[in-house]
Amino acid sequence: MVINFEELHPQERAELERNIFFSTLEQLKGWARSNSLWPMTFGLACCAIEMMGVGSSHYDLDRFGSFFRTSPRQSDVMIVSGTVTKKMAPIVRRLYDQMPEPKWVIAMGSCATAGGPYVNSYAVVKGVDQIVPVDVYIPGCPPNPAALIYGINKLKEKIRYEARTGKQVTNK
């Protein structure tokens, strides 16, 4: 349908200009993906308690379009919170591999980002980024639910930026 703006009444033209947005398909997909993130919770330690708090009524992650999923096949974001041991590392990788593309990873807390206070243990992985590519790091021991919401918003910005520019800003 072609609209000739010269033939329209000035009020109609102004209304159309306010309500019609021009974009690329990639930007539209990026906007849709960023506003409908479905994180898979992978709580391994005390940070998981803070992650559960995000789903409570006080913070209500649902209002941002994110719904916690329990299956990796229904998720596009993996939130790793807590200490990742060498025994747990293959399971984390398997769950990541089961997620459909596009997929993102958030490392929540000191243990997931760099090993935390257990970094010198022989059984602890020195950061989940040694197993799967991480897109957003959330520091803290443990980080509060507001920090997780901030991290999810940063991931949304990253998704939109990648869709807008065509540049991938990941370490994949």
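Including glycine, each Cβ sits where the backbone N, Cα and C put it.
What Swiss-Prot annotates here:
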- C46, C47, C111, C141: [4Fe-4S] cluster binding site (BINDING)
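Other Cβ atoms within 10 Å of the Cβ of C46 ([4Fe-4S] cluster binding site) number 15 in total over all chains. Sparsest Cβ environment among the binding-site residues C47, C111, C141 (other Cβ atoms counted within 10 Å): C141. Taking the mean position of the Cβ atoms of C46, C47, C111, C141 as the [4Fe-4S] cluster site, the remaining same-chain residues with a Cβ inside 8 Å of that point are A45, E50, S81, G82, T83, M108, G109, S110, A112, G116, G140, P142, P143.
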